[in-house]
């Protein structure tokens, strides 16, 4: 699997994404600078976390209009898989690849913690290595992760199997806290209609080795490698 | 703007103006003598910040010189932007802790944010990629009307800056005490890693070499910030808000990447960030260290505001700016990198052989004065000081009338502001970005962060127990260093070196100066005994408001190394049935303990003494056990004593403890804060081995019980459930912060 990671000024989790992709695929991903107008031929495009352009405007709004995003959209239309994590989710949502919007966290504070999620749909290269309903733990680290869309769209997303992950609390695993940011219907991550694009707030790339305390993020990258190699 | 308009804004230079700029009458006379004439207005501004306490260390230097700063591991000690320590394999760790106390009180969000920005620049300016941030915070009483606002702003500021630049904030400490009502402490620490052969220093070299300005534009923010940080607060300190700078973490992130990219070329001769006193201190220090002169022409300097005067430009503390001396002919290479990152880049001058600082603008010269005489003549005082009177030990009679159930006492302690969970704070910090965080502090006694791309890891801790320092500054200084050393050992790291951040009141008062002198003495003794030298530091004096001083707070940032991040041991119990051991001797020292203060309502007595030889022996023993893989959980016994330490280990996991080791013991033994102690959990099949090893090493080890259930219990049944302790522990800070600001 060949992958490219798009780097904006202010991206800061691109190294985490490089490490995760390299560990699982054995191949170093391309780093593509935001001013580039062309992407190498790849099977997967990752838009990583961070604070693109400082996020001084609405998170992701500036980056969504960066030249490279036209190319990302064109590739996504051709079916190239796109993974947007955290700020990347905000950017690809602002760019119109996914419905809805991401607002300030309900508590108006940045939140960083390990969060329990439920895998809602496994019919995608991103989630095929998980079991439906499986509880996984990914860290979250964001200030603007409050996903919103109208009730009708939520219903449609659920109906079409476009909800990928939901926040859940888990008494049994010592942290009863669920939804960390007030997202509508506890949505943590969504697919596009063809399930070739995934955007999610939590960070699977920071849960791939023993040092991270759990490796629940690894199956996502393994699934992608299996599907795209 | 013209020369004439500039002149119209200047004021006559007189003794009166010098006083307003923070100089004493003698200091002003000294300036006149050195120059042989009256300084210009610009020169007066420059001299006053160079000679401010903040920049010149005039009250502290004579004592700081006594600290041990060398060792085989030390590559660069105090005097540069940060300390540099060898961690093997051609790698170095670069770190420093610095205060941003005065600005954080006046404007908590920006004060704390720019504190983080400043310390990051001190570290990456030397060639290091920052891999971790820490912070040590002291706030006033929770009842004080400003405290909530300050906690909220400081935490948001630290998070807002650190999260955006993408450096994980992996821990620190937070205390509350009424002595900080008028002066909070915000001490920020950054740790970075570099190659030992790619470290950049600040001494300028090469007459004619270009002087380059990069980063943000210069505005009027922070003018005379260094002077503000060198005086006591009074009622009108609110009016000093304009001296606080405004941070831009996005620009800082770009500046980090651009500087590190430039450092991969061979274009740089010297580099320094513009911190306190901005362009003045960076240009004067760089030229001064190189024994050269420097000539700056400010017309092309990137400016954010119109009609700025040379005085304003030289004293501005606008953030996210660096000064670089380039090799001749490398301007284009450097400019291309800063263009890529969309940062300002301007050649603003060159090095000269005159030894003078020359400032030109609008076709005229505004400053032309010799650097060395002015720098060297920075005042250095041996201020009068009084030793702190020794406190006596606390008599057993203090326990008269104490008959509370142990479970109730523990619940109170776990809900008191100093011991309560600080989750509300640290969940606002991105502790994971970079993917190298093994432990943040709280999960282990020290934060453990892997060196990027390698298996080895650095361990980092910040420590100080101000109530001990107030009672006995010498013992408190020793204890702060010993605790840092102990916390690093408790995770399995070999302690390497420290950075010290000395926060005190007004040094012109002999009592306060005595606290400083005592703390330095204690720190020096501990550093020597533990081979734990000081490689960088910062002094913040005049932390007083209307004559009320803070507790003496010499915050120590300690750094250690371990060959593999996965060796590190955290505090959480892991299995049921593990044997709980106390390492070190417990005498039950109750003076200045948390128990005495929170339960018996008394802040008195001498702090626990630190036996540095025992400290070393016990720490080496524990570290050895961890490296042999014999330890499951490890926690130093500090605030609250053995029983609190065990309860913290239980809360961190949800696995309780069945305790037999305290049967028939005095309450002193449970809550005494004797030093040099650790609580370990080991698998039952190695407990005997560990005890034999302890005997051979001459280390006292006692069995306290075993891990079991979901409560603390003993032969008499349940003492307290973890659920109850957790509610008290997790509840306090969120409930406090949820009240109206």
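Cβ atoms here come from the backbone N, Cα and C positions, even for glycine.
Binding of substrate is annotated in TrEMBL for B:99, B:100, B:101, B:102, B:121, B:317, B:318, B:319, B:540; the matching candidate from B:29, B:245, B:479, B:592 at the same site is B:245. Take the ATP site that TrEMBL assigns to B:57, B:96, B:500: the candidate from B:22, B:140, B:537 listed for it is B:537.
Counting every protein chain shown, the number of other Cβ atoms lying within 10 Å of the Cβ of residue B:273 (Mg(2+) 2 binding site) is 27. Cα of residue B:100 (active site, proton acceptor) to Cα of residue B:273 (Mg(2+) 2 binding site): a distance of 16 Å.
Spatial neighbours are here defined as Cα atoms within 10 angstroms of one another, and by that definition the neighbours of residue B:99 (substrate binding site) among the binding-site residues B:122, B:273, B:538 are B:538.
Ranked by Cα separation from residue B:122 (Mg(2+) 2 binding site), the binding-site residues B:98, B:101, B:317, B:538 are led by B:98. The average pLDDT the prediction assigns to the domain 'PurM-like C-terminal' (B:576-709) is 97. Summary: among the recorded positions (B:100, B:121), the fewest other C-beta atoms within 10 A of the C-beta are counted at B:121. Across the candidate stretches B:16-58, B:79-194, B:576-709, the maximum count of CB pairs under 8 A to the domain 'PurM-like C-terminal' (B:207-359) is reached by B:79-194. Burial estimate for the binding-site residues (B:98, B:122, B:317): highest at B:317, by number of other CB atoms within 10 Å.
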